[in-house]
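Everything on this sheet refers to the single structure shown next.
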Amino acid sequence: GVAGCCAKTTTAPLDRVKILLQAHNHHYKHLGVFSTLCAVPKKEGYLGLYKGNGAMMIRIFPYGAIQFMAFDQYKKVIKKQLGISGHVHRLMAGSGGVLFACFVFVFNGGVTAVICTYPLDMVRVRLAFQVKGEHKYMGIIHAFKMIYTKEGGFSGFYRGLMPTVVGMAPYAGFSFFTFGTLKSIGLAQAPNLLGRPSLDNPDVLVLKTHVNLLCGGIAGAIAQTISYPLDVTRRRMQLGAVLPDSEKCLTMVQTLKYVYQQHGVRRGLYRGLSLNYIRCIPSQAVAFTTYELMKQFLHLN
């Protein structure tokens with residue numbers, strides 16, 4: 001939970017700009033990534049870059065807890081049912097059956113965590129899309145009340161859930177496949193340059209920390225490129241009544257068609273993608289580093 005909060009806070013300005021660009025906020029729709037990053041502090045102050053981050057912190061802490069708990073439970077089931085054992089990084093060597101098993105518990109754990117924390121993501125997006133002087137929601141609690149009373153009760157909190165769940169499949173699949181492939185090739189071709197003995201088992205080679213983070217960043221970038229249109233669809237659907245064209249974005253297919261017809265591929269389905277590339281490596285670096293520090297702090301090794 002702490003690792004997730006640190007990672008999300010580090011990249012919060014990029015996340016907010018991505019949301020503004022994805023849904024074509026009328027204040028910034030004529031700007032690009034870097035010009036928007038400069039324009040937001042001028043218009044809304046530097047804290048404007050962190051709008052919605054409070055809701056993200058409330059969401060990401062239980063999300064991390066649920067995710068790790070679910071992953072652990074699904075992993076036990078897979079080990080018991082399929083007889084697969086060993087560390088997760090050993091499961092990503094390239095074998096179809098092993099990769100599938102790894103993907104199953106990652107996907108199911110992710111879906112469990114997403115469903116439980118999705119309303120907080122909805123509120124965060126609504127808050128992040130607001131611009132100074134045009135506030136519809138006064139805070140997290142007010143946003144919850146407004147969405148519940150004005151948008152059909154609890155169902156209003158789950159707009160965009162379908163593209164979120166569907167998008168997890170290609171994202172998780174390609175992310176683990178790419179990381180596993182890069183790791184196996186790296187250790188096979190340049191073991192002395194890229195690898196080091198594992199601390200708990202000197203006979204096993206693992207990637208050096210900076211190489212591991214780089215491979216993770218590349219894997220994340222490729223996976224995000226493939227699944228990004230579904231992320232744009234999710235954000236559009238989550239914003240709902242906030243957007244003037246919300247009646248044209250009621251379902252996943254409807255939204256995909258509308259964005260493509262109105263804005264095309266580069267300025268529609270992939271608008272803001274470059275931010276994901278920029279935030280990918282620092283986000284993973286902070287998350288992994290904080291996670292390792294917390295494990296040591298809590299004596300979990």
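Cβ atoms are placed via backbone N, Cα and C, with glycine included.
Annotated features in TrEMBL:
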REPEAT    1-77  repeat 'Solcar'
REPEAT    97-185  repeat 'Solcar'
REPEAT    207-297  repeat 'Solcar'
TRANSMEM  98-120  transmembrane segment
*When DSSP states are grouped into helix, strand and coil, how many residues of the repeat 'Solcar' (207-297) land in each?*
79 helix, 1 strand, 11 coil
*the repeat 'Solcar' (97-185): mean pLDDT?*
77
_Within the repeat 'Solcar' (1-77), count helix residues (DSSP H, G, I), strand residues (E, B) and coil residues, in that order._
62 helix, 0 strand, 15 coil
